[in-house]
Amino acid sequence: MVDLESEVPPLPPRYRFRDLLLGDQGWQNDDRVQVEFYMNENTFKERLKLFFIKNQRSSLRIRLFNFSLKLLSCLLYIIRVLLEKPSQGSEWSHIFWVNRSLPLWGLQVSVALISLFETILLGYLSYKGNIWEQILRIPFILEIINAVPFIISIFWPTLRNLFVPVFLNCWLAKHALENMINDLHRAIQRTQSAMFNQVLILISTLLCLIFTCICGIQHLERIGKKLNLFDSLYFCIVTFSTVGFGDVTPETWSSKLFVVAMICVALVVLPIQFEQLAYLWMERQKSGGNYSRHRAQTEKHVVLCVSSLKIDLLMDFLNEFYAHPRLQDYYVVILCPTEMDVQVRRVLQIPMWSQRVIYLQGSALKDQDLLRAKMDNAEACFILSSRCEVDRTSSDHQTILRAWAVKDFAPNCPLYVQILKPENKFHIKFADHVVCEEEFKYAMLALNCICPATSTLITLLVHTSRGQEGQQSPEQWQKTYGRCSGNEVYHIVLEESTFFAEYEGKSFTYASFHAHKKFGVCLVGVRREDNKNILLNPGPRYIMNASDICFYINITKEENSAFKNQDQQRKSNVSRSFYHGPSRLPVHSIIASMGTVAIDLQDTSCRATSGPTLALPSEGGKELRRPSIAPVLEVADTSSIQTCDLLSDQSEDETTPDEETSSNLEYAKGYPPYSPYIGSSPTFCHLLQEKVPFCCLRLDKSCQHNYYEDAKAYGFKNKLIIVAAETAGNGLYNFIVPLRAYYRPKKELNPIVLLLDNPPDMHFLDAICWFPMVYYMVGSIDNLDDLLRCGVTFAANMVVVDKESTMSAEEDYMADAKTIVNVQTLFRLFSSLSIITELTHPANMRFMQFRAKDCYSLALSKLEKKERERGSNLAFMFRLPFAAGRVFSISMLDTLLYQSFVKDYMISITRLLLGLDTIPGSGFLCSMKITEDDLWIRTYARLYQKLCSSTGDVPIGIYRTESQKLTTSESQISISVEEWEDTKDVKDPGHHRSLHRNSTSSDQSDHPLLRRKSMQWARRLSRKGPKHSGKTAEKITQQRLNLYRRSERQELAELVKNRMKHLGLSTVGYDEMNDHQSTLSYILINPSPDTRLELNDVVYLIRPDPLSYLPNSEPSRKNSICNAAVQDSREETQL
């Protein structure tokens, strides 16, 4: 190839020397040509066109002048009519000739000359090759009719008094007005709605019709009654209003014919205008019009951007947003590209919402629509993804573009964004608050397996409630559960707080325990003034400062509370009692738990005699006396603080020699070396020394490293956690991480089996191959063989994740149909299996573990309807699967994003509780179970003290399970038996009252009576069906039903066993599904200090970071997997 540089010869030396001396001047005499652009605009015609048409401002001035000129001509016509003396006689000459003074004629001629010249000039400038198109236009014809006679009269004086219908210039004025409005919008760069233009055209058309009719009748009646302008106006108004009094009527046939013609014109023109106006009005109703600029500057509003608006999403947003008192005056502007559906339209017509919710149809990607919503003046913008889409990634991409568009248009508007896929989160890091659906969903489902009902706990915390749900119910558990559900997270500065001000300089655990003991509030976290990180239970080493921001759980925030001394409260409530059970609670405890604004300040010098105290052991039982509870120190002695569980040694696994020889894999602690997506928070975890080969991750396939083909062959010491999902998305990574976090005891790690419909990608396997005891298997919960191979018969929990391919359905709420039926099949086949299900729609949770003839479930359905009628945001909370944490819908967490508008810390606290974020010094959520050996503690307050003084843990709630000895078959007895029991109960009401006890009692013998009372209440709410006579018939019916149920269970058991034998699996340990006790589980968030502990209660704890107790904890936090010092690091970071 020829070198390009060699093709250009160098300059001679003299030119180079000249260039050195003269610089750029040496180029002045060269042959250069100056080129001028846009020469076509320099012609005379183009300059005129630029001035009269193209230039916005000059064109506006010309049209305004033209409009004024036409109005002036009409005004001169009126002046001529008023100055003219009525002529005598009825000759037709009066129609063609009028009396016009010379000055008036001169003015009209001048106006006509200017108008005609302007019309001809504009016609010339807009000429496009067809002269007839310009001549035959109606405005041009009217201009000729009104201007040419005056110009002719200049040269022919006898025509000066010729009648010219100058009043027709009103139509030219209307035409000029329309053009002027368009130019005005262009000049000020502001577009009015088409509705405004159409209304203006309609009004101007109506005025022109009336003015033309007035002037025409008045002129034609010059040969008749000689009406003046006022009489003509009166006649036109009466005629057009269809009243027609008949006192003023035209006499000549010409005027009558003119009236008929004008009425015909009106009947043609006005309906067309009204039709266009009605069409624009309907379109405006669909699109929503504009949000007023004046309102945007004087009132506060937020914008909700969604791709499609469903009624459930709308009501969740409105109920949660307007639940806060200070947001009552805010407007909500909804910006949605689709047309409003019928249900949404019906709701927005309710006066409560129509006054403060505005629906705009438009796209967030259009600046014009963002301007309509006044996004630059909005207090916040909520951007939600459409989760009911087959392609969720595409939905995320739309959300990302909306967020970018809003940030570009209004950079100062706070953004609250909901994203579906975690891999898309890093695109919107600039947003003020982001909730990633799959991150929260999988982390919550994972914690449900080790901390039961974590999903219910978080859902209740992020919903705004006053704790009034269930207070009308006759069942005590529903009252207590509903009352405690009103607890939320609030914040306050320590020095401004009555709750915590006295604990300045004290330890965190001391402040938390005494605040709960005194006020019933639970201090769970703190944040330094100069630090943005929130610390959950930083432990006893943390000393409270005056400027610290305290985060606490309570029924209401401190600012809305009033404080009364206990003596004053006792005097004002001598005859009042909040509770009439056997174990009466002190007033200060009940007020704190009931959620009233009056909170007792407990007087330590005057303690209620009925308050709970530890019973002293008898003299003969001193050898069995339990150790007393140590006091919580103001400044804790950290050398005495244990980093283990209260009741069992879970500190770290010192394995026995037998276990060491049987264990082939050594675990280390460190950060996972590979993350499946950008933006995942690093978490200190239990990891393997070396990653597992991909072939060994397959549970049901043997390889060269192991020969196991089913879960039973692995011989796991702990029960399995099975996750049934459609695909191994990146969000599934967040299910594994909380279960392998470093603070989980190694001995308690459960094997995780991923049952996937589709094989996982290689990058996902790269991420999970470092975690111990994580396997996958390709299969479906539709297939019994797949379930048996993955170890469902000895699994602790089965998590069924909602499938993306079924999230959208043509009929509302049918998206969960397949999931519900599959889970019901699992429930029938493996009744002892704990199944945790995710649904798309919360309304479908009523179908979980469905029993068609269960009266108690029917009664709960009635209760849910009543709570919804009372306006509760948590009407679904009394459904037994939700209360027990067996079912969850991610849409219930939408309120987390909405609540962040008022509580900007809620997302951070929720992420810390779920283990999605880990901050050095911040605690983590865990649980402990109350056994028989722990019942000596007796009350929640003493448990609080025991935990704070020994381990530094802070309890935040109780998961309570009550036994129900009514079997499934007994719940399906006939109505006649129920009514017979009703009659039996009525016969002995005194005995029934004497046996009634509180549901919080620890005596297990009370539960049958409680269940019997529940059945009575259920029968009252759902009584129906014919009566049967005789006790024998009822007993025979019940026996037949029990026999039918037993035979059905035996048939299912035989089916499962036969499949296991066919697959070569051992049937040992399979639950043959004998009658088992049904249970009722629910959560008590921040219960009162005097709540009695019961057997099998699970207490939610926020445990301090174990690494914060180590003197050299920072080096142990480094990733130490791929170096030789792993073992030393593991020893240093033991709990």
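The backbone N, Cα and C atoms fix where each Cβ goes, glycine too.
Taken from Swiss-Prot, the feature compositional bias 'Basic residues' applies to 1010-1030.
Annotation comment: Swiss-Prot describes 718-858 as domain 'RCK N-terminal 2', evidence class sequence analysis.
Swiss-Prot lists 229-249 with the feature intramembrane segment. Proximity of distant same-chain residues to the intramembrane segment (229-249), defined by a Cβ-Cβ separation under 8 Å and at least 6 residues beyond the stretch ends, is recorded for 78, 81-82, 209-210, 213-215, 217-218, 221, 259, 263, 266.
If you look up Swiss-Prot, you'll see 982-1036 (among others) marked as region 'Disordered'.
Residues or ranges marked as region 'Disordered' in Swiss-Prot: 1111-1135 (among others).
Annotation comment: Swiss-Prot describes 85-101 (among others) as topological domain 'Extracellular', evidence class a curator's inference.
The topological domain 'Extracellular' feature in Swiss-Prot is assigned to 159-164 (among others). The DSSP breakdown of the topological domain 'Extracellular' (159-164) into helical (H, G, I), extended (E, B) and coil residues amounts to 1 helix, 1 strand, 4 coil.
Residues or ranges marked as topological domain 'Extracellular' by Swiss-Prot on the basis of a curator's inference: 220-228 (among others). Taken residue by residue, the topological domain 'Extracellular' (220-228) breaks down under DSSP into 4 helix, 0 strand, 5 coil.
Packing against the topological domain 'Extracellular' (250-256) from elsewhere in the chain are residues 95, 216-217, 220-221, 223-225, 227, 235: each is 6 or more residues past its ends and has a CB under 8 Å from a CB in it. The feature topological domain 'Extracellular' is assigned by Swiss-Prot to 250-256 (among others), with a curator's inference given as support.
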Folded-back contacts onto the topological domain 'Extracellular' (159-164), same chain, C-beta under 8 angstroms, at least six residues removed: 95-100, 102, 105, 108, 145-146, 149-150, 152-153, 219
For the topological domain 'Extracellular' (220-228), the mean pLDDT of the predicted model: 78
